[in-house]
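Data block below; observations after.
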Amino acid sequence: MSVPTLAAARTLLGQRNNQPGEEAQLAFEAFPTIGLTKTYCVDAQIADSACTATAYLCGVKNNYGVLGLTAAVPRRNCSASLDTSTHIDSIAAWALADERDAGIVTTTRVTHASPAGVYAKSANRNWENDAKVREDNQDPNTCQDIAYQLVHSSPGNQFKVILGGGRREFLPTTSIDEEGTPGLRTDGRNLIEDWQNDKISRNVTYQYVWNRDQLMNAAETLPDYLLGLFEGSHMQYNLEANVQTEPTLAELTEIAIRSLSRNEKGFFLFVEGGRIDHAHHDNLVELALDETIEMSAAVAKAAELLSEEDSLIVVTADHAHVMAFNGYTKRGSDILGPSDQRDESNIPYMTISYTNGPGFRSHVNNTRVDVTSESNFRQLRWMSHVDVPLDSETHGGDDVAVFARGPQHQMFSGLYEQSQLPHLMAYAACIGPGLHVCNAASQIVQMQSLLKNSVPSINQLLIALRHYATGSHLLAVADMGGDSLTTSSRIVKKVSQAVVSLRREFIIFPDTNRDQDRVKIEFYGITRFPNVLGCIDCTNIKIQSPASSLDTLSQPYNKWRTKI
Ligand SMILES: [Zn+2]
């Protein structure tokens with residue numbers, strides 16, 4: 001879901017609604033905060049979904065193709081992965097450790113790299129079943145495959161909802177699933193039965209479903225644990241799906257949220273529109289854009305079900321693709337059609353094409369072919385044209401967008417490493433290692449005398465802020481107490497201006513008990529990092545943890561969990 005993918009998908013959405021299209025908006029594009037993340041991995045300039053999942057779910061960058069293990073583990077190196085110091089937990093494990101719930105929803109196999117990043121520790125993303133581990137001459141009893149880990153290991157075996165595709169990874173080669181796909185396991189295990197037996201042994205309610213009707217029935221009276229595997233491999237593309245058997249991503253998301261919301265302490269849910277990537281790999285641009293619109297619908301459903309007051313929603317991509325949105329096409333032109341411009345030989349080219357992939361056409365007499373005259377032009381499976389012939393289009397190295405809504409959404413602005421994402425989410429949710437918003441006010445520096453009964457000048461604030469915002473120290477400012485809305489807002493606004501002029505990272509720390517403060521912060525806040533070093537007008541601040549040293553607070557944030 002590269003930035004050009006978003007622009008093209010929103011245009012298609014608008015055009016489906018009989019608008020020119022360019023002015024349309026995907027659901028998450030309305031979120032109040034946007035940022036960008038850098039997606040490279042430790043050994044890769046252009047990432048795959050395994051190392052990026054480890055970054056945005058576990059908070060550590062690692063090697064291409066590796067899941068849940070630090071960069072000390074080279075890909076396919078089973079023995080290196082046995083060293084537990086290389087193991088890293090995901091934000092789902094952090095949530096579970098705090099007695100919250102967790103779940104995964106995807107349109108890919110639930111064992112595919114992105115969802116596997118939520119629960120698996122694997123030196124190779126391809127080890128989705130035991131046969132794949134053996135293919136690399138490794139012992140699946142030593143390095144367990146990803147499906148096995150989901151069913152038998154924490155945190156996967158704690159997930160209240162697991163919804164997606166991939167039945168074949170759970171079934172033995174001797175069995176064929178409900179829709180005719182043979183199992184791939186060579187260890188004779190039926191992991192769907194294992195999953196059910198595990199729930200029986202824990203005396204909890206559970207249900208396994210494999211089609212949409214069963215899912216909708218299960219949703220009537222949700223069991224404690226729900227496993228839905230709707231395809232042998234990945235789920236079908238939305239535009240090609242059998243609507244009788246395949247739920248939409250929005251439906252899956254709604255049911256997952258309803259299930260997880262039963263935990264009053266909260267939950268972590270991973271939702272993936274995983275087939276945007278697959279359609280791009282095949283240069284099937286209409287499918288890629290439609291899957292992006294489906295992702296938008298799922299986010300819209302989540303935003304409708306979850307309160308902005310207490311639920312943080314973060315939408316991002318693992319990496320970009322090499323789809324180009326190009327040419328000087330006129331406003332409102334078919335986003336899936338040709339540019340209004342032609343090439344130097346007067347041959348049409350498409351507004352959307354790709355740098356590489358299977359859609360290569362050999363040139364004839366040194367000229368490009370006119371793809372608009374092809375018999376299947378503009379059909380769903382028509383491939384866009386490309387420059388470099390490859391059997392699969394590649395990922396892109398571009399930064400990807402982050403959209404955030406809900407508590408602490410402001411922290412997600414700016415350009416930062418992808419591995420910061422789970423730390424920011426965990427800070428807002430008060431789970432996992434590191435600081436939490438619930439007790440971040442551990443170091444309070446009173447500046448009341450400066451501010452008493454008046455709004456300080458920008459120069460006064462700059463002097464005060466320079467004093468604290470030195471080196472790598474992060475600065476926070478609290479706007480507290482009984483000021484009138486107008487006075488407080490003026491203070492916050494001036495502080496914001498001052499901090500921006502200093503180019504420091506800071507957070508305004510509101511009294512979480514006062515909605516009025518939160519509103520002001522939302523309006524003026526340009527907040528970033530979770531350390532509090534300064535507090536303005538702190539008379540009523542609630543300090544929930546004892547003071548810690550400045551040394552602790554000054555640790556660069558992105559070093560918190562880097563173990564490589
Ligand atoms: Zn991909």
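Cβ coordinates come from backbone N, Cα and C, glycine included.
If you check TrEMBL, you get these features:
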ACT_SITE  Ser49  active site, phosphoserine intermediate
BINDING   His112, Ser114, Glu272  Mg(2+) binding site
BINDING   Asp277, His281, Asp318, His319, His395  Zn(2+) binding site
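Counted over every protein chain shown, other Cβ atoms within 10 Å are most numerous around His112 among the binding-site residues His112, His281. Ligand 1 lies within reach of Asp277 from the binding-site residues His112, Ser114, Glu272, Asp277, Asp318, His319, judged by a C-beta closer than 6 angstroms to any of its atoms. His281 (Zn(2+) binding site) sits 16 Å from Ser114 (Mg(2+) binding site), taking the Cα positions as reference.
In the three-state DSSP classification, His112 (Mg(2+) binding site) falls within coil. Taking the Cα of His319 (Zn(2+) binding site) as the reference point, the closest of the recorded positions Ser49, His112, Ser114, Glu272 is Ser49.
The secondary structure of His319 (Zn(2+) binding site), as reduced to three states from DSSP, is coil rather than helix or strand.
Listed in sequence order, the recorded positions from Ser49, Asp277, Asp318, His395 having a Cα within 10 Å of the Cα of His112 (Mg(2+) binding site) are Ser49.
Here the binding-site residues are His319, His395, and the one whose Cβ sees the fewest other Cβ atoms within 10 Å is His395. For the pair the residue listed as 'active site, phosphoserine intermediate' and Asp277 (Zn(2+) binding site), the Cα-Cα distance reads 10 Å. Geometry remark: Ser114 (Mg(2+) binding site) versus Asp318 (Zn(2+) binding site), CA distance 8 Å.
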